[in-house]
Amino acid sequence: MKTAICQFKTPDDEKSGPELDLPLDINPQQLQVLVNDILRQEEELPYSFYVNDFEIQKTLNQTLKKNEISTEQVVQIVYQPQSIFKVRSVTRCTSTLPGHTEAILNVNFGPKGRSLASGSGDTTVRLWDLNTQTPLKVLKAHSNWVLFVCFSPDGKRLATGCMDGKVNIWDPFTGEQLIDTLSSHRKWITYIAWEPFHQNPKCNHLATASKDCTVRVWNVDTGDCKFILAGHKSSITCVKWGGEGLIYTASQDRTIKVWSAKNGKFLKSLEEHGHWVNTMALNTDFVIRTGPFDHTMPNFKSDKDAQKSALKRYDEVKGKESEFLVTGSDDFTMFLWQPKKKRTSIKRMIGHRQLINQVCFSPNGRIIASASFDKSIKLWDGKTGNFLCTLFGHVGPVYQVSFSSDSRLLVSSSKDSTVKVWDIKTKKLKNDLPGHLDEVFAVDFSPDGQSVASGSKDRLLKIWKN
Amino acid sequence: MPQNEFIELRQKRYGYRLNYFEKQRKKQARNRKMASKMSKRLKGIRAKLYHKQRYAEKAKLRKLISQFNEKTTKKKQKTPQLEGALPTYLLDRETVSRSKVLSQTIKQKRKEKAGKWNVPLPKVRPISDDEMFKVMRTGKRKRKQWKRVVTKATFVGENFTRKPPKYERFIRPVSLRYKKAQVVHPELKTTFSLDILKIKKNPSGTLYTQLGVITKGTIIEVNVSDLGIVTPGGRVVWGKFAQVTNNPENDGVINAVLLV
């Protein structure tokens, strides 16, 4: 039997265990037993294994041969922990919820996955009861299309922005407005980002991006505008509040700017794109969105406990390096950055043949998915930006993508009126979910992995479950 | 200064008479009485002219009054346009005009209505062979009369090759061949220039269908792939039927209605 000398390594390049002489026909399941033994885990945890960034799918031998890796040297096998829970794929539509009288523009699950809000062109925001799958509340205060809805990471507030540039803060349980409408923006709201939970467990700060070239940071308790981030020359398309005290803004003036979240000071500008920057994603997006809540659905005694949990989750995903940022643009390219470290990009990711509408990091930060108007979704490595594969299947521009919380599934919505579920491991289409009668504008995977919600131009909200 | 303007001259030299303005005021006040008397008294064409003039004056006055009022009255706030809502990522894009992309919701409405095969033109005038074909005389002495020339518009497929003239019974003139049709979408009320794929049925007979003759009422299949129609399953629709609504041989263009 042929053997190779192998060395197990963590994703952060630390050796674990001694060098081992392994048979070449060893498969991932056997490797998993081995690693669990080396690390002395009490329970067996799932891992995936990589040699030079190539995943071991069937046997070690196959991977080595396919990618022409020599066994003369010590083979470095990197093991990456998988999430210990598994989200079951959604396969059917459990309910079709009418109510909105215009196209649904945005849907968002709460951080625990127990509440759901949708914003529509009929100026209302609707809250839905996920247990009974019925309408819960209709929130009326906006005077124009509601473009963006976003739950705070503690789940106690809901921010909505509309076409008139007004922002409302709601209590998602009672459906009442918490403070007066924030109406300083002169043009429509494009994006809303809450302050990360591990930095401020009160969750009372909010950044809103607008077409009027500014980002405003608000104190939601008082309704004051703390500071304005002005400097972009064109409409801002996206704002992200990072976990390291930085605010990132992407704009149609081709730049990404980095600001201090403490006082709104301008720090640096990232300029490599050749056209509008449409979208942006952090590798910590998911943990920032869900704050302290994970699959165990913990109840926290105090804010301190919750903050600790949020910080732990954040550090786990971030690892030792600083945050990664990926941007997608109208020039058909994407860039991977590490804005805290340096001003130049790590990698230019090319391959799409149309503009990129959305990019999304998987919750564990290892995979980037990009949705493009060229009808395809591409997957990229989250650390290096290397191309992994293309997912074909949609016959219209892909509008939105969303990962499941275990990073094993991806759901996408498209202009062709379908929602599709993709398996990340096999890189194939898992489920095709037809049913909408028109373009599907918004899709969101529930953080608890129970359901997917999609909103369409046909004015219906659909909930998909296993 | 002209000779006859003696009043103005006097006013210039000695000023107005003492009761001048008073008289003017009274005259002005009495004016409406005069006007009403006039309108009662006048007859015939003079009355007509007079009333026309009065009407114009009054209309002008009313306009002026409403202009003054406009400043004080509260205007209704413009309600924002709510239809055709778009998500943020599509707002700045020059999307294809909405009518180009067919909305499935419209289709849904159509389904609710009864009657599946309601053709827009249910009855058409039958066309005889005499009208459809012109006899072409052939042969050296022009004695033979077995060739026919189609006098209507035709659609000839892409890969059509003529038969040798000896066997060619029907001639379809090039000047009456068409590749495109102007198709109206009845619910969107917009027109598209679409490629004809084939002739589905000519109501006057199967022979005409085979020949590809296009007359009023003919069902044609058109290429709608540009319109971006998608089935609920997410497939792109390629061909759709349409009915011709005009007489193409007279108009030089084919107008048709899409059968949705």
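Cβ atoms are placed via backbone N, Cα and C, with glycine included.
Annotated region 'Disordered' per TrEMBL: A:1-20, in sequence order.
Sequence annotations record features per position, and here TrEMBL assigns domain 'NLE' to A:5-64.
Within its own chain, the repeat 'WD' (A:97-138) has Cβ neighbours under 8 Å at 144-155, 158, 160, 162, 168, 170, 172, 174-175, 289-291, 293, 297, 438, 441-451, 453-463, counting only residues six or more beyond its boundaries. Annotated repeat 'WD' per TrEMBL: A:97-138 (among others), in sequence order.
For the repeat 'WD' (A:139-180), residue counts in helix, strand and coil come to 0 helix, 18 strand, 24 coil, using DSSP. Marked as repeat 'WD' by TrEMBL: A:139-180 (among others).
Sequence annotations record features per position, and here TrEMBL assigns repeat 'WD' to A:182-228 (among others). Across the repeat 'WD' (A:182-228), the DSSP tally of helix, strand and coil residues reads 0 helix, 24 strand, 23 coil.
For the repeat 'WD' (A:229-269), the mean pLDDT of the prediction comes to 92. Annotated repeat 'WD' per TrEMBL: A:229-269 (among others), in sequence order.
Outside the repeat 'WD' (A:349-390) by six or more residues, the chain places 11, 53, 80, 83, 275, 278-287, 317-319, 324, 326-336, 396-407, 410, 412, 414, 422, 424, 427 with a CB less than 8 A from a CB of the stretch. Summarising the annotation, TrEMBL assigns repeat 'WD' to A:349-390 (among others).
Helix, strand and coil content of the repeat 'WD' (A:391-432), in residues and according to DSSP, is 0 helix, 23 strand, 19 coil. What TrEMBL lists as repeat 'WD' is A:391-432 (among others).
Within the same chain, residues 85, 87-114, 116, 118, 120, 126, 128, 130, 133, 286, 289-290, 293, 295, 297, 396, 399-406, 409, 411-421 sit at least 6 positions outside the repeat 'WD' (A:433-466) and bring their C-beta atoms closer than 8 Å to a C-beta of that stretch. Residues annotated as repeat 'WD' in TrEMBL: A:433-466 (among others).
Within the chain, the repeat 'WD' (A:139-180) has long-range Cβ neighbours (under 8 A, six or more residues past its boundaries) at 102, 105-112, 114-115, 117-121, 123-127, 186-194, 196-197, 201, 203, 206, 208, 210-212, 218, 220-223, 288-293, 306, 310.
Within the chain carrying the repeat 'WD' (A:391-432), a Cβ under 8 angstroms from the stretch's Cβ atoms is held by residues 82-83, 85-87, 89-91, 286, 290, 295, 354, 357-358, 360-364, 366-367, 369-379, 438-445, 447-449, 452, 454, 456, 462, 464, all 6 or more beyond its ends.
According to DSSP, the secondary structure content of the repeat 'WD' (A:433-466) in residues is 0 helix, 18 strand, 16 coil. Within its own chain, the region 'Disordered' (A:1-20) is flanked in space by residues 34-35, 38-39, 60-61, 64, 71, 74-80, 319-320, 383, which lie at least six positions past its ends and keep a Cβ under 8 Å from the stretch.
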